[in-house]
Amino acid sequence: AAAAPFPPALPSPAELVLVSIYVQLDFSDEPWPAALSRPLAVPAASASSAPVTLTGLNLTTECSVTHDGCSYCACLSGYQWNASICNHHQPCPTPIKHRPCGCLVLSPTEAGYCQLLPPVPATLSLDSWLQMPGDTLNLTLLMNQETTNLNWFLWPTGSPSPILLREGTCVSLTSSRGWTVLTAGRCSRHVSAGEYMCRFEAQGFRWELHQVVRVPLQATDVTGLPDQLSISCATSPGFQLSCCIPSTHLGYTASWSPREGGQASVFNTPDSQCFMLAVQHCPAANTTYICELQSLGLSPLRVTVSVSIIQDGDTTCPEDSSTVAWNITKAGHVAQAPCPGDRTGMVKRPCGTDGVWGPIHSSCTDTGLLALLLRAQLLQAGQGWPEEEASQILAQLQEQVDAVTSPSDLLALVGTMTVLAKVVADTGTQLNCSTLEAVLKTTDKVLGMNSSSLWTRAQRQTPSVGSSLLLAVETLARSLCTQDQPFSFVLPNVQLQSQLLEPTFPANYRVSFPTQPPLQAWIPRHSLLPLRHNGTNVSITSLVLQKLDHLLPSNYGQGLGDSLYATPGLVLAISIMAGGQVFKQGEVIMDFGDTDGSPHCVFWDHDLFQGKGGWSDAGCQVQAASASPTTQCICRHLTAFSILMSGHMVPNNPTLELLSQVGLGASILALLTCLGVYRLVWRFVVRSKVAYLRHSALLNMVLCLLAANTCFLGAPLLPAGPHSPLCLAAAFLCHFLYLATFFWMLAQALLLAHQLLFVFRQLSKPRVLSLMVLLGYLCPMGLAGITLGLYLPRGQYLREGACWLDEKGGALYTFVGPVLAIVGVNGLVLTMAVLKLLRPSLSEGPRVEKRQALMGVTKALLVLTPIFGLTWGLGLATLLEEVSIVPHYLFTVLNASQVGDMVAAMLFALLDSLGHCKSLLKEVSWWRRKTQAQEF
């Protein structure tokens, strides 16, 4: 022990001086309190020194010697090791709580003593010791001395040691001269409750000030197990109920009601407290048990458990012990059981009204994965050292990946990686190669998991889980410390190459991966030159993730539309770190090998669709490879890339294009011929009112189709793109004129339908002609204008490289939808006409009747089919996914020949004024005569 004779007096001519002399006293077997009770001999003073008088003795340090000769030296009350000694020695295995530097381990050759503590140089105040959830906590430290090495800690309830607090999502620190404020706002009870400590150094000592913060529990913190129960008193006369709460500094007591026939008990665990009720005798009727939790000065918390008694004759589900032991359960109730093994949550199974068990609903999550997720969340909130704990959690996560057996396990694992990636990015933490290997091994196993049993069900709960995994792995991969570069790692589903560039940047950066087909990427030297600074470390990380593209949601940004695309089975992520900062601008060229279909170079934009992520082609384009028939992409930014292959897109086919142009030219010539014939015979074919209306519709169809084909044939000669007014005008005119053609077809069909259905109702030529003009021109003009105003601002109006509507964004469907609807109506009218022609005539013999019916049907099909545009229905097949090129050829040939057919039909109708309607008029006349005869 070290003793301080206090205070000795040194007489002098002017004054008395108080000094402290520290003496080391060694005791053998005799207890030291008894030894100190005897008079102590003060060391003799030298001849030159003045006489010394011992007036008091205080003990400062108590040391106990271990078997290896070291000493555990603990300071007594009012004394402490100074900061310099404390910083160079290990604390005792069992440190004294609330006593920093209260006990140190000294080597056999060392000797020392604790020193007298001066008054506390600061005060720690708390705005309120009782914090409600969601409140803002403020701890203020007022200092009257200069302080150094100031740190904040939180000692949560049940934690073996305090946790460092730093700036985070729930913690903020504000400092000024003489004061420091710690603010914890909008935090969960796990973050804000516990004992707060402020540790600093001042006046040569280390100080700790403490404040306990208590947060009341909420109703959601109380768990009743189970929350409902059905029981058969014949088979189970007794049962057990419980309500559990997490550990807290506030003392809670529980009371059950009703309690008759039950015995209450308490069961404590390191992180929870459960209040049990063992009911010995089954109640006679359905009973609701209430567990009421109370703490002094707080409102009580209540949780209810409903117990239903199974009576004789009730429908029940039988016992089942397939996975979990399910007891007999009353029909219409839900059986519950705690998760088996080291899993947290509940397993529920409904009992149907017919007494048949329903499917099992499990919310079980591995306890180890939940613990890692909570540690990561607390680290993000501001508790702990990211440099140490991030690596520890990632290493433990690799060990826990084999425990993933359910969607909730997968979500917890991906959630942990996501939170840690944010912590690493926000704090600038660098990972060593062993930690990054753990991340890549975890990712490889996650990507290799069964997509149907795990990923599909996890995506139903959280559609963005694949996007979160991509962002987390991408962030962690580029956080490799420069000392461990270059670094290369290859696994079945994950490949990574990281390289530290030389300061001179001698050539282009190139990287290749042994995928099938081989994947290559390079960054031109001119894109790297802006990063060339004195002493700046520049590292490039290239990461390939197999199978991940199939796990990302099918979200497509502007320019890609809602079609389904195929992907090559991989995602390439390239990132550049320059001076600790992420460099996102730069040109990168990628070669994805030979691909089928129409490729689109895309990247995954995490900001699309309200943060759920989606594919975007902004800043990326396809370029033809110079030396091979592979797909090359060039993008002007750095992120996660891939390609999309549209199965329904037809690649550029010279034969198909030539066939279309020839067909359009022939159609234009045929339409001009038709107009010439109309010019010659018009006054001969419009002698009746019905004929005038019918031929007016045909004439307008010819004019609209002629203008549309001419515009469509000349559109490829115009400069393509949304910034070309001529291209926009051509697309708008083609859209309007083709729609007008079909709407005049609809007018023709409606006119025929009126003649078939309303035989005796006469038509007003001016009124019908006005309605036909409105239908034929005003409706298509409105549709075309709305499409232009709706899709042009979005950049989804024009197809890439063409002056026509874009099928990706939905503009094309404003043309396809009305056309298919009109074709459907025309088909119904054609069916009505055919059925009318097939009606037997009583005035003619059987053979003549059959022959006339066949001739009438043939004429109707030949005339009405091309005029009503039914062959355009084949165009629907060209919009379907994974369609072959055959429907495109058929549609092109029929669409081109349709005009010729229609012109031939028109000529047939012009030269023979009765035409295909002769049989119809004959039948109408007969039906009229028959009706008049019946009236008389």
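All residue numbers here begin at 1 and follow the chain in the order shown.
Cβ atoms here come from the backbone N, Cα and C positions, even for glycine.
TrEMBL entries are annotated by machine, without manual review.
These features come from TrEMBL:
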- 320-357: domain 'G-protein coupled receptors family 2 profile 1' (DOMAIN)
- 485-651: domain 'GAIN-B' (DOMAIN)
- 656-912: domain 'G-protein coupled receptors family 2 profile 2' (DOMAIN)
- 662-685: transmembrane segment (TRANSMEM)
- 697-717: transmembrane segment (TRANSMEM)
- 723-747: transmembrane segment (TRANSMEM)
- 768-792: transmembrane segment (TRANSMEM)
- 812-835: transmembrane segment (TRANSMEM)
- 856-877: transmembrane segment (TRANSMEM)
- 889-911: transmembrane segment (TRANSMEM)
Averaged pLDDT, computed only over the residues in the domain 'G-protein coupled receptors family 2 profile 1' (320-357): 86
Same-chain residues near the domain 'G-protein coupled receptors family 2 profile 1' (320-357), Cβ under 8 Å, at least 6 residues beyond its ends: 225-232, 235-236, 308, 310, 314, 363-368, 370, 408
Cβ-Cβ under 8 Å with the transmembrane segment (697-717): same-chain residues at least 6 beyond its ends: 661, 664-665, 667-668, 671-672, 674-675, 678, 727, 730-731, 733-734, 737-738, 740-741, 744-745, 747-748, 751, 772, 776, 802-804, 867, 899, 902, 906, 909
Tally of residues which DSSP labels helix, strand or coil - the domain 'G-protein coupled receptors family 2 profile 1' (320-357): 0 helix, 18 strand, 20 coil
